[in-house]
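Chemist: Supplied in structure tokens, the structure appears directly below.
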């Protein structure tokens, strides 16, 4: 990607963000090697300190199971509208199926429909919003001890639950490696379970947060199955500050809501929380 200025809702992104997005090749990280390989740990840190993103391989999730997750998502959004409405989000709520919340009269509306579900902690799941069985999805495959075992998943909920558990294990592995790359003591590691913006704030600018861009296609349906990690709403996010690295960002709370509102107003959240002495 070279020479193309980037815009958010028609507003040019800051120069620092523009430069970060130019000439970036996506690194490949073998997640299974992170606990034992210093080379892989070094590649991870380099990726996080440069473009802020990477392609994960060697994660242990079989292709057949990932295809099952994609199939569940695709089949849900192909349901009739009246069927999908059973899982609609309530007014002024985030969870459920529907369009983005409107937070500004000047907001540019995204051309998408979301099914937003909280998966952890499990006791906070609103299972009435979890699709049960869009199209009698019955089988998935899991690789265990070098052999493929077929097992039955009785509903879409079970597929989503299994997917959530697997991703949580990978996220825990990744965050431990991130903390280790900053040479933090075991008992002083921060809670890295945040969005990429929050990680940039918490690392005081060492880790970088990439700009997420998605292209729409009028002829082809695009479906993403993404999991976001966010800090507890009332927990304050602060940076790693010392005499050699002064504060770059102010402390913030309820960052997920702040991030969403900035995006819908055409602002870059990280620019809005920069610290000015």
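Note: Cβ is positioned from N, Cα and C throughout, glycine not excepted.
Sharing the features that TrEMBL gives for it:
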- 26-133: domain 'Non-haem dioxygenase N-terminal' (DOMAIN)
- 196-228: domain 'Isopenicillin N synthase-like Fe(2+) 2OG dioxygenase' (DOMAIN)
Chemist: May I have the DSSP-based helix, strand and coil counts for the residues of the domain 'Isopenicillin N synthase-like Fe(2+) 2OG dioxygenase' (196-228)?
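Modeler: Split by secondary structure, the domain 'Isopenicillin N synthase-like Fe(2+) 2OG dioxygenase' (196-228) comes out as 7 helix, 0 strand, 26 coil.
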Chemist: In the domain 'Non-haem dioxygenase N-terminal' (26-133), how many residues does DSSP call helix, how many strand, and how many coil?
Modeler: 43 helix, 13 strand, 52 coil
